[in-house]
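Feature list (source: TrEMBL):
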ACT_SITE  B:HIS40  active site
ACT_SITE  B:HIS86  active site, proton acceptor
BINDING   B:TYR43, B:LYS82, B:ASN483, B:GLY520  ATP binding site
BINDING   B:GLU84, B:ASN521  Mg(2+) 1 binding site
BINDING   B:SER85, B:HIS86, B:ASN87, B:HIS88, B:ARG107, B:GLN231, B:GLU303, B:SER304, B:GLN305, B:SER523  substrate binding site
BINDING   B:ASP108, B:ASP259  Mg(2+) 2 binding site
DOMAIN    B:5-44  domain 'Phosphoribosylformylglycinamidine synthase linker'
DOMAIN    B:65-180  domain 'PurM-like N-terminal'
DOMAIN    B:193-346  domain 'PurM-like C-terminal'
DOMAIN    B:427-545  domain 'PurM-like N-terminal'
DOMAIN    B:560-699  domain 'PurM-like C-terminal'
Amino acid sequence: MAIARVIVELKPGVLDPQGEAIKNSLHALGYEEVKKVRVGKFITLEVEGNDLKEIEERVKEMADKLLANVVIEKFSVQVEG
Amino acid sequence: MAKWREMGLTDEEYRRIVEYLDREPNEVELGMCAVMWSEHCSYKSSKIHLKKLPTKGPAVVQGPGENAGVVDIGDGLGIAFKIESHNHPSAIEPYQGAATGVGGIIRDIFAMGARPIALLDSLRFGKLDSPRVRHLFTGVVAGIAGYGNCIGIPTVAGDVYFQESYAENPLVNAMCVGIVELSKLKKGVASGVGNPVLLVGATTGRDGIHGATFASEELSRDGEDKRPSVQVGDPFMEKLLLEACLEALEYGHIVGMQDLGAAGLTSSSSEMAARGKSGIRLYLDRVPLREEGMTPYEIMLSESQERMLLVVEKGYEDEIIKIFKKWDLNAVVVGEITAGEEIEVFFGGECVAKLPYRLLTEEAPVYDRPYQVPEIKNLQSVNPAGVDCGEALRRLLQNPNIARRDYVYEQYDHQVGVNTVVKPGYSDAAVLRIKGTKKGIAVKTDGNGRYVYFNPREGAKRAVLEAALNLAVTGARPLGLTNCLNFGNPEKPEIMGQFVEVIAGMKDACEILNIPVTGGNVSFYNETGEKAIYPTPVIGMVGLIDDLETGLIPMAFQTEGDLIYLLGEPTGELGQSEFLKEFFGDVLVPVPPVDLQEGKKIIDLLPLLKKQGLINSAHDVSDGGLAVSLCEAAFAGELGVNIDFITSLLPQEMLFSEKVGLVIVSVSPEKANEFEEIVKASGVAVTKLGRVNGNDEIEICLNGQRVIKEKLSELKALYEGGLRWALK
């Protein structure tokens, strides 16, 4: 069994209304030092198998097809045994 | 490859730019010319044909050429409305593509000073058995809901078809309707030397650069490379922008206002300058940016959403800026009106572009492209006599093109604002009240591409007549229409031939029905590989009901025992009907004629019959034919029908032909004589079909033979399940 971690983020330059709203709220709470907020998601998968290389390839496929909207998002994958 | 070709200009077009300027344009200038000369912005292939459409009428306050058309509804009020396509972005990223399509059309409406009160969407997809089509369909519907529901404008009506020709190229046409005090109507004009130019709303990022040129090309298989073109919308930001703009207009001292849509700052500044015959100087260093290191080229072409350009009377800019700050929006003076005729763009102290507005607007090329009128040949005939009518009705009711659309409209907030009088699914058009008056307006979109493909001229007439009838059956008098013309590649003579014929048919219909065109949008290049979509003119129409209390006609049968009549002359052709497709496939057989003269009489007659209390319900015959329409009126009223009349047509022809221009009405028995007299006097053909019953029964007899006997509740379950089942 392996653990795969997928981080999905908006591509640079894509508008992030949620991040903007969080930034404004942080400013309202006095955290003026925050200059930029980008919100993404973090997905953990438990995957059967031993070949970490192959698992990484398969998870990348899953991210490309489903976990990320690759039109506006990018992703990275980490796999641990 | 030469730079201008990469940007979508032809060698000849580039030569004309050099000749006009008497020099080579720099990169920024070339980019500005390329977007403004794109099909999307310049209408270069359609302009000479669009001119043929009638645009004037007693109710028209603002015709084509502005952000939106406006019709007068009395009491000093006007209705601003427009439809626009967002097909190409929606094919790449359905959620954001559809959402920003909705956002863009809303800005066009409040740019006129109108408060948006309703949204409509006309959608076309491939068949739902493909996973990709299901992805596009669910994404588009969710995107429309996401934007419309968040900004708080009800999505009240529309239409959706699933046909193979749209598999690679879905159509997403969004329409917005707003209400404006005519004395406060605003135009997108820039004038008054020295007046400041304000950019307000969201920051400017790199999104959507060259979106307009992108929309002017066929989608290539590797369309993925163009993906950065897709913009992301922020409906909450747009809500603030809407309120701030309307507040600023209320404050006054605004000369002109325009939204930044396709081609961003370039198109808004040059179009406003052209309308006001003024020059504009812009200082790009002042534009609030979302990203670092943006070049003047990128700033001029960015299609970031939720931005507007305002020209303000000099001296009032600080007050206007205060209003936008109050709404937490950016508002900066980015330039001023000049005496010349040039758009001058400064960046880092240098002039980076200097182009006459004429070059970007009226000097853009106009093409009379070669066209070939499609021939209608090899007509076949089919013999429908063997098809069981009950079986046909059951299959048609659950056909995704006919079945209840609640999967779509239940995702939309159609009640927000509490102006919606008739909810989706209970009428042929949505009806909205005009607060503070007795009046209501009816709105609808229509356009079945299958009929247009078969015969573009007659198909276009059909689309206009159908939209008008959809309004008339609610008791409304049509005031004006906006059109969204979706076609393939205009450089192909057969596509251009479809376009020319559609315009000719639309012109006839508008003239005979006396409904002017107040604006619209053309979307070409809806094709992938060799496959173009069905030519699809979508008609968005607005009509007026003078008094909602006495003038509103429901679609549902109302009372047991009421007599059911058919207005209009049925002719029985099965051409291009869903029945034909269901049982005989894609064969070309004759289509029913579109009788505009009779249609006009029926449109005039319906409000009159209602006012005199002679009809209790009305519903037009459309997709699926008479049998389906009877069922729809029965389902809505939860009342059955017993139909029994004499006809010379085959039962299948009578019940499933989709002739446009037929209307089912129900009449109280004691009013029948008076009703018949008035209808006959008007010259409209009328047939008594049968009566409304209180049983769970749909029974249809023709010439004394029973052809259909089904349980109402069972048929209703098929009708309500059809679309959801197709999605599974």
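Cβ coordinates come from backbone N, Cα and C, glycine included.
Keep in mind that TrEMBL annotations are predicted by a computer and have not been checked by a curator.
Distribution of TrEMBL features across the structure.
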residue: B:HIS40; record: active site; DSSP class: helix
residue: B:LYS82; record: ATP binding site; DSSP class: strand
residue: B:ASN87; record: substrate binding site; DSSP class: helix
residue: B:ASP259; record: Mg(2+) 2 binding site; DSSP class: strand
residue: B:GLU303; record: substrate binding site; DSSP class: coil
residue: B:ASN483; record: ATP binding site; DSSP class: strand
residue: B:GLY520; record: ATP binding site; DSSP class: strand
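In sequence order, the recorded positions near B:ASP108 (Mg(2+) 2 binding site) (Cα within 10 Å of its Cα) are B:LYS82, drawn from B:HIS40, B:TYR43, B:LYS82, B:SER85, B:GLU303, B:ASN483. B:ARG107 (substrate binding site) is 15 Å away from B:ASN521 (Mg(2+) 1 binding site) when you measure Cα to Cα. Excluding B:TYR43, B:LYS82, B:ASN483, B:GLY520, which define the ATP site, the same chain contributes B:LEU50, B:PRO64, B:ILE83, B:GLU84, B:THR482, B:CYS484, B:LEU485, B:VAL517, B:GLY519, B:ASN521, B:VAL522 within 8 Å (Cβ to the Cβ centroid), listed in sequence order. Long-range Cβ contacts of B:SER85 (substrate binding site) within its own chain (separation 6+, distance under 8 Å): B:GLY101, B:LEU171, B:VAL172, B:ASN173, B:CYS484, B:ASN486, B:ASN521, B:SER523. The number of other Cβ atoms within 10 Å of the Cβ belonging to B:TYR43 (ATP binding site), over all protein chains shown, comes to 17. Listed recorded positions near B:GLU84 (Mg(2+) 1 binding site): none (candidates B:HIS40, B:TYR43, B:ARG107, B:ASP259; Cα-Cα distance within 10 Å). Under 8 Å from some Cβ of the domain 'Phosphoribosylformylglycinamidine synthase linker' (B:5-44) lie the Cβ atoms of residues 50, 210, 212-213, 215-217, 262-263, 266-267, 270, 296-297, 300-301, 343, 345, 352-356, 359-361, 363-367, 490, 522-525, all in the same chain and six or more residues away from its ends.
With DSSP classes pooled into helix, strand and coil, the tally for the domain 'PurM-like N-terminal' (B:65-180) is 47 helix, 44 strand, 25 coil.
Geometry remark: B:ASN483 (ATP binding site) versus B:ARG107 (substrate binding site), CA distance 18 Å.
Among the recorded positions B:HIS40, B:TYR43, B:HIS86, B:ASP259, B:GLY520, the ones whose Cα sits within 10 Å of the Cα of B:ARG107 (substrate binding site) are B:ASP259.
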